[in-house]
């Protein structure tokens with residue numbers, strides 16, 4: 001899988017009955033492709049994977065793969081609470097025609113590092129698909145420590161790590177390791193320009209649901225060495241991104257995408273709840289400020 | 001449901017093929033009942049619920065309910081990543097004849113307090129069964145704040161909270177609130193004597209898989225006001241409990257139960273991995289020290 | 001030094017000119033003695049040592065030692081940012097006639113464990129006075145880890161540790177170590193009853209500035225095995241203590257002592273600032289509730 | 001004061017008797033000036049201020065001011081445990097001819113935000129010198145929250161903040177605030193290139209004791225827009241800087257400076273302790289790798 005450029009962990013649109021909204025889903029896929037995005041993650045955290053039942057999961061992946069139809073790689077988010085489920089989801093993704101996999105350590109069970117390492121290795125061994133690690137300790141309850149990353153980077157089909165800890169010192173430390181062609185991937189949207197400036201070439205961006213074209217453009221500016229453009233582009237998006245990261249990330253990803261592309265993406269599913277009116281209004285104002293630039 | 005006394009979140013035994021081991025399961029149930037335990041949690045954290053598929057889950061609950069056959073209450077652990085799944089599991093537990101439910105906030109999705117509150121309320125409204133809250137922030141990634149506990153304690157079928165934060169100051173603060181007949185439940189095994197001394201009458205104890213009789217006895221000593229006995233009993237178990245809480249809790253729960261009751265409880269399932277030989281030996285020594293007292 | 005019973009880290013009273021208020025200081029000492037307190041800490045954290053200049057420090061210690069005049073032990077708080085200063089303060093305390101010393105690891109410089117261990121040893125070696133360790137990681141930025149406590153407990157003049165981490169599991173773990181006649185000391189006022197119940201015989205209590213008689217009585221109840229009395233006494237003070245621990249500890253210690261003993265103890269010194277009117281009023285109400293019992 | 005460029009918080013050299021080593025001090029000052037550094041901090045954290053007595057403090061500042069003799073600004077580190085001491089140190093610095101002040105919130109006493117704000121304001125009001133805020137929560141126990149920074153930035157003589165939290169997201173957020181000519185200052189050496197790239201023009205660098213010329217050059221490269229040079233220069237220093245930040249920062253600052261400039265800078269003072277032989281050897285190897293580039 002070509003793991004370079006902007007990858008969008010796609011929001012999962014629901015209709016008024018709280019079912020998958022296929023027409024909006026198709027429209028979102030087309031918007032992402034037209035915007036110059038390099039690839040999609042389906043069934044990821046921003047896609048509220050943890051609210052999908054097994055049938056919905058399969059239907060969702062199948063639909064996105066079909067709609068994309070080879071125009072870009074499709075990566076399946078395969079977070080699982082245990083290793084066997086991770087393997088099942090990996091094989092399902094392979095069967096459904098996905099190009100890659102992304103997975104965090106299992107949440108809740110607090111595995112130790114050697115257990116995290118084995119979990120990823122066993123899942124990676126189960127399919128020929130490329131696997132992206134995902135480090136987001138606030139969610140998973142555990143981090144993938146640097147030594148574990150180094151060990152896993154040696155696996156032929158473990159191809160990169162989405163860094164969402166927000167710890168720039170960790171990124172700089174990992175950049176100093178010899179990790180071969182294992183990719184460090186920006187997973188911290190507000191720090192994206194820093195990642196790109198340091199030579200990171202991949203960005204998995206939840207906020208690309210709102211800013212696909214602008215963020216794909218950021219990657220081009222970075223590759224072209226246009227520093228002023230990179231900073232200016234980043235600065236323009238920061239207020240919205242910072243608002244997302246301050247709370248209600250998923251609600252705002254949907255709100256922003258719906259607003260920007262005039263699509264009925266629907267609400268988040270419970271346990272998350274829609275924003276209240278004043279929160280919606282505040283976020284709208286931030287969006288308008290962006291548009292007004 | 002009578003929510004008083006020692007409740008054991010039962011380990012889930014597996015056989016050599018890594019399937020549910022029914023004969024050991026039955027034997028464990030009998031041991032717990034004979035030991036004077038007040039109730040069982042099935043499909044809880046110590047039961048590695050996060051490694052069970054849907055069919056195993058149903059089979060496990062059905063088997064335990066049948067074996068117990070009304071001799072004590074059976075509570076289903078119904079942790080779920082989303083609210084709809086929580087409702088399904090609550091109804092399943094009701095259908096299978098359980099007497100109560102226990103649930104932590106959804107892991108991974110980092111819900112805010114109003115979302116945590118709604119999650120519990122919606123699930124509690126879905127069945128007539130009593131629901132026990134479970135606060136274990138290290139695992140869930142979020143805590144159930146005191147104000148949220150107070151709000152939920154007013155719900156007629158939300159009957160208590162298993163306190164596993166390890167924060168004694170929080171317990172003392174909650175004890176100062178007027179929570180009606182809502183029960184504060186010890187969920188921190190090494191601090192059990194303190195809870196009991198303060199008047200807590202319920203203990204949900206993972207280490208009761210190893211020490212059912214001794215811990216049931218602790219509750220009797222506490223009720224009888226036998227302070228010296230309570231302290232001495234607690235002190236005797238502390239080295240084993242502290243070892244469990246220092247890491248590999250589930251592995252040691254199984255190791256200890258298997259050793260003590262000479263039953264083939266099997267290994268933990270992945271993502272957790274069995275202890276290595278020297279860890280097993282160290283834990284055996286701790287167990288022997290206890291037996292030698 | 002007899003290190004048993006209730007020790008009060010005395011507030012330092014200031015007059016309207018923000019100078020030491022000697023007459024109030026004398027009155028406070030008498031109140032503490034009459035109340036049955038076992039000893040005093042002068043120049044401790046509750047005494048705002050960090051706001052005293054060298055001359056005030058000497059004057060304060062001299063005055064308290066003179067006033068006490070052998071009626072109870074006087075311990076000097078000798079927190080220091082470096083080891084040489086710790087030695088100077090230890091020798092000063094010895095010269096001024098103190099009976100013991102209390103010291104936390106140096107704040108700000110983030111020493112490692114072997115540096116913390118050496119810091120305490122070198123200071124303890126500098127005088128014949130008994131030294132009490134003080135673990136309060138939120139303030140010092142570092143903790144005295146259990147292994148370090150064990151090593152230091154072997155020093156002949158290091159006689160105990162004031163436990164202010166609020167971590168009951170740590171206390172239970174330390175109690176399981178063979179520390180000879182090294183004393184574990186309650187330094188977490190809201191958890192005092194638990195400490196006493198477990199056999200801890202010493203309590204260094206900032207809130208004893210407000211409740212000297214009641215807390216000395218708690219220790220007597222604990223020694224007499226009066227469980228109901230111990231719990232009832234603790235419960236009565238908890239609302240005030242919990243308010244103190246939730247913020248503005250020093251301000252409330254002064255406010256409460258001034259109110260209770262009708263003494264002009266004065267305000268805290270900057271960087272701390274007096275409470276605003278509504279905070280004062282709220283704390284007064286808590287005090288009145290206590291008095292009204 | 002011109003607050004632009006590289007400022008070095010100078011190590012404080014000691015001789016074999018553990019007294020200030022004036023000849024080395026003079027030599028260090030000259031090296032810093034010759035290396036193109038923009039200014040010096042004397043009596044800062046890297047200067048082990050917390051181990052200096054009052055007389056040494058005065059002597060040290062006087063000597064550095066005299067030696068510099070107007071060739072660059074000299075900033076006094078004036079960290080103080082209370083506000084009155086902060087004022088005294090500010091006035092002392094003014095009297096001794098310093099050009100500016102730098103101060104963190106008071107350690108140990110855990111002031112609230114309004115108390116932190118007042119502390120800085122009162123000290124800033126006490127002298128005409130410019131004051132630099134210093135945010136290093138791991139040391140001080142408290143952070144200067146963004147709202148407090150905004151309030152303080154409005155003070156005419158509070159001119160900037162040294163950001164040492166290591167939190168790049170906080171920097172990006174502060175950059176989005178309208179802070180007038182208040183300067184954000186890099187205080188996190190491993191993240192310096194990121195700060196410079198974003199337009200930060202001031203770097204207060206403990207590791208500039210080792211790399212004064214190289215880091216001054218980094219600032220020039222950044223100003224000239226030489227991205228490749230900036231990254232390459234940063235990469236070269238990162239192994240040494242990351243080693244410093246991983247532990248024993250002050251010991252390594254001294255070790256590296258002594259090694260590089262062949263000067264007897266002496267050991268750190270206690271509570272810190274010199275590195276053991278193997279740690280020294282490891283750090284020497286890192287230094288040699290740098291030199292060998």
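Glycine too: its Cβ is placed from the backbone N, Cα and C atoms.
Just so you know, TrEMBL annotations never went through curation; they're auto-generated.
Residues annotated as active site, proton donor/acceptor in TrEMBL: C:134. TrEMBL lists C:162 with the feature active site, schiff-base intermediate with substrate. Sequence annotations record features per position, and here TrEMBL assigns pyruvate binding site to C:46, C:204. According to TrEMBL, the site 'Part of a proton relay during catalysis' annotation covers C:45, C:108.
Residue C:204 (pyruvate binding site) and residue C:134 (active site, proton donor/acceptor) are 10 Å apart (CA-CA, integer value). In this structure the C-alpha atoms belonging to residue C:204 (pyruvate binding site) and residue C:108 (site 'Part of a proton relay during catalysis') are separated by 24 Å. Comparing Cα positions, residue C:108 (site 'Part of a proton relay during catalysis') lies closest to C:45 out of the recorded positions C:45, C:46, C:162. Cβ contacts within 10 Å of the residue listed as 'active site, proton donor/acceptor', excluding its own Cβ and spanning all protein chains shown: 27. By a Cβ separation below 8 angstroms, chain D lies close to these of the recorded positions C:46, C:108, C:134, C:162, C:204: C:108. You'll find the Cα of residue C:45 (site 'Part of a proton relay during catalysis') roughly 12 Å from the Cα of residue C:162 (active site, schiff-base intermediate with substrate). Rounded to the nearest whole angstrom, the C-alpha distance between residue C:46 (pyruvate binding site) and residue C:162 (active site, schiff-base intermediate with substrate) is 14.
DSSP assigns residue C:45 (site 'Part of a proton relay during catalysis') to coil in the three-state reduction, outside any helix or strand.
Summarising the environment of residue C:204 (pyruvate binding site), the number of other Cβ atoms within 10 Å of its Cβ, over all protein chains shown, is 27. Long-range Cβ proximity for residue C:162 (active site, schiff-base intermediate with substrate), meaning a same-chain Cβ under 8 A and a gap of 6 or more residues, is found for C:102, C:132, C:133, C:134, C:135, C:136, C:185, C:186, C:187, C:204. Classification of the residue listed as 'active site, schiff-base intermediate with substrate' by DSSP places it within a strand.
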